[in-house]
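Down below is the structure, laid out as structure tokens.
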Amino acid sequence: MEARILQSSPSSCCFSSGSINRHRFSSISPSPNPLSGSFPQKTRTTRVLSMSKKDDNTESLSYKGSGVDIDAGTELVRRIAKMAPGIGGFGGLFPLGDSYLVAGTDGVGTKLKLAFETGIHHTIGIDLVAMSVNDIVTSGAKPLFFLDYFATSRLDVDLAETVIKGIVDGCGQSDCALLGGETAEMPDFYAVGEYDLSGFAVGIVKKDSVINGKNIVAGDVLIGLPSSGVHSNGFSLVRKVVARSGLSLKDELPGGSTTLGEALMAPTTIYVKQVLDIISRGGVKGIAHITGGGFTDNIPRVFPDGLGAVIHTDAWELPPLFKWIQQSGRIEDSEMRRTFNLGIGMVLVVSPEAASRILGEAKNGDYVAYRIGEVVDGEGVTYH
């Protein structure tokens, strides 16, 4: 294994360009922080990769049937929480003076399988960065730096360079430094021509500015920011759907304007700059990154006890890709809502006043945003 470590001066630490995804965040030891005397806040979720199974074309496909058991992942997190109390958020918070360092880690799951099949490798690094920086920005943290792990059985230098160029692009989009990484060459461990990726991001936020959901109340508004597609979770189920459909990844997406492969490989949207800009103007109380677990599992993670959400499913148009996935896989609505982002990759919980401002800016064409629901008394997520 060969480590790639870059040394950055303060002036060069940032670029100038302006599963479930059940992540499993590494926890630090539960000892008090020597600088603050307080315990860090930790977070852990899990990503499960699937093995293929025999398919019956008459059945309704599901994530669990594709090999990914969300409930098992949740149970693992529950058990780990007994050993490392405090786990559960999108990013892990470590106190440092008057700030928190916020850390996250993730991969891109079996989206890599489609990268191998399509030969599209130049954007998978963007996905890798996005999955971690989008998590830590939910705390209001500005990403500082990113580290990557690239593993393969036999190193193809040109291919690895292409992948890492995508990582550099993702770091540029989120204004953070690619500080270093690890290249692991492990003969006989991976199939020829295949590789695996992991990423790790660290950001910072002032303690008095952290977004933690504690002030959310019934009547607050849910604002949805659009996704670019499936992003980087749910691909174990997606691959089952593709196999059942009989379509080639080179075929045109029904109802779309690209090939199926291009639509599925669209890089994950990086929300960092947009979200930090919205936060800076006030009224943002909680943020949920919609990855594996979809709306059903991710939105409640930011609520205080006793609160839930109503989602208005007619507030935005379901993109053609998700329509095709549901129809081809005969997937139940409840399964779609617990597996995919359905066209909304980030949800902001904001005050009614902030909602008016955000939606006004969207109406003026500054960006796209939708009012997708409200916070209500009573736990859980309901759909109208």
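Cβ from N, Cα, C; glycine included.
The feature region 'Disordered' is assigned by TrEMBL to 26-60. TrEMBL lists 26-49 with the feature compositional bias 'Polar residues'. Feature annotation from TrEMBL assigns domain 'PurM-like N-terminal' to 97-205. TrEMBL lists 218-381 with the feature domain 'PurM-like C-terminal'.
Assigned with DSSP, the residues of the domain 'PurM-like N-terminal' (97-205) fall into helix, strand and coil as follows: 41 helix, 39 strand, 29 coil. As a whole-number mean, the pLDDT of the domain 'PurM-like N-terminal' (97-205) in this prediction is 97.
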